[in-house]
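**Student:** Feature list, courtesy of TrEMBL:
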COILED    495-522  coiled coil
COMPBIAS  1-14  compositional bias 'Basic residues'
COMPBIAS  526-542  compositional bias 'Polar residues'
COMPBIAS  585-599  compositional bias 'Basic residues'
DOMAIN    343-433  domain 'BRCT'
REGION    1-20  region 'Disordered'
REGION    525-557  region 'Disordered'
REGION    582-608  region 'Disordered'
Amino acid sequence: MARVTKHKHYRPPGKKKEGNAARYMTRSQAVKQLQVNLPLFRRLCILKGIFPREPKKKVKGNNHTYYHVKDIAFLQHEPLLEKYREISSYQKKIKKALAKKDEDLANRLRTREPTAKLDNLVRERYPKFVDALRDLDDCLSMISLFAALPAEQRLKINVELVHKCRRLIHEWQAYVARTHKLRKVFVSVKGIYYQAEVEGQKITWLTPHAIQQILPDDVNYSVMLTFLQFYETLLGFVNYRLYHFINVKYPPILDPRLEALASELYAATRYIDANSRALVQHNDSISSISDLDKAQQGGTHHQESELRLAQLQHQLPSNEPGALMHLIEDNNGENEDDQDTKECKKLFKDMKFFLSREVPRESLLFVIFAFGGAVSWDGDGAPFKEVDQSITHQIVDRPTQGHKYLSREYIQPQWIYDCVNARIILPTDCYIVGRIPPPHLSPFVDNEAEGYVPDYAETIKRWQAAARNEVLPMPSLGKEDLDDPQNLLVEGYINRAEAIEAAERKRKMESLEKQYHEELKMELQGVNNPSLASKKTKTTSPENEEAKEESIPDIQQIADDAEKMTKVLMSRKKLGLYEAIEKNKQRKKTHVNKLKERKKLHETQKSA
């Protein structure tokens, strides 16, 4: 008999699949099971949020893409799949009419072409509004990118798509500006990074610079357009909900004159302001009418109100002290803004800015509106003209200025962004037109964690402390010098009696700390009783003391030995993780040293 050769993954006929072979399938198997082509399969995976998996054991080989079987079953029961099949069959009718050269029939079919709606997918992927806000970073970055791209029919980027992206991003910016939710701004080579805090969620997105964008050929625009289709629906839902929170009708009806002048952001903020004022006036009128009715019916309802008050009195937690005050404080906290919003609202208060033609208008409009300032620009539809004498600052980005007004300050655009990140009004001396401005520091970098604090960051920290009336050490001193009572007495922060008391307390702490270090040293020498150790030290000779000092082990050596022992006891996985952490620390340290060397070289060149 001929011998049957069993393959590596041999399975007898009729036996059920087990393990990874039953849990995963390749992309070709998934496409065959769904009976769709590869572009439609990619589109469905993007819209439904299904991504490839990496199984531990790849049954079909390493050169295949694997998907989970449950994900493919999830796609198989999706109503959107049937909708795309319907669209595909309908497009075949249009092609057939064009092949027969029947233009009228083709045009009629185009007007009735079915479209796929993604509303159910948004509700399915984000059951809560907070989930949608957490996933909004990529959405805003993608829509901001397409809002700045030129229309290209060859790549299926039409004019309506670009206009819709501009409208959505301006509606989002108008909400953030009018609710003062913007927190950080950073201008980089890639674009302008913004961070807003909406409903307790920090949302960071990137907006490209307002320059002519070049469309490279090595980008798959069909995949990007699929993502954009979903993100448009998502941002529309988010904007609707946010506008509903502030009692403003959505979508906003913008001024067509301002839209024609490319001032959609200003038009959207005006719409929110107008609707908010109308709502407040409407509520005031309703409250005045209700007050009048209550005054007329006051006699009849007086007994009912007393009875209601007596019933509520029994429900209050009267035995717990301060319970009613806690209820009142909670109610007030819901109505008031948080501390960050209050700071942002008042930063540019009572300031009027005028933007010259060469500065990034949309970015500065957004930032100044978000921090409570009034702003105008050079062009039609502006709120006020350049000749207005109440303008306090003019933003200019060119070295020379023709006509200057003595009643305002001429500054560079970086001053706005640095003030926003520092949350204080910085001095304008370094930002005057014609001067090289100070370095634009990123608010997303923690200088203390990185180990290197730039000089300008230290200067801003001192200005912030001065604005909050805090005490900071002088540049030549450290933070520990603030504990010295003599320094605080000289600066006038404490009186003489408090200084004497603080000095006595500090002396006691130093003596206790010294005693603790002596006892710790004796423990390392092997002596347990400090009193016996003191007696022994009196009787011992100087030669014995020198010999004992030589026999004392080095503390650093003990620490190194303990570290080596812990390394030996680690597992391979933990040891690799520990070595990666140490490498990262060393890399950070070398980077900090390199920055310090550059700074020293720059200072020597500057002094020379």
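Any Cβ shown, glycine's included, is placed from N, Cα and C.
I'm curious about the neighbourhood of these features; can you describe it?
**Tutor:** A mean pLDDT of 76 is what the model gives for the coiled coil (495-522).
Long-range contacts of the compositional bias 'Basic residues' (585-599) within the same chain: residues 450-452, 455, each at least 6 residues beyond the stretch ends and with a Cβ under 8 Å from a Cβ of the stretch.
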**Student:** By DSSP assignment, list the helix, strand and coil residue numbers for the compositional bias 'Basic residues' (585-599), in that order.
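**Tutor:** DSSP classes over the compositional bias 'Basic residues' (585-599) add up to 15 helix, 0 strand, 0 coil.
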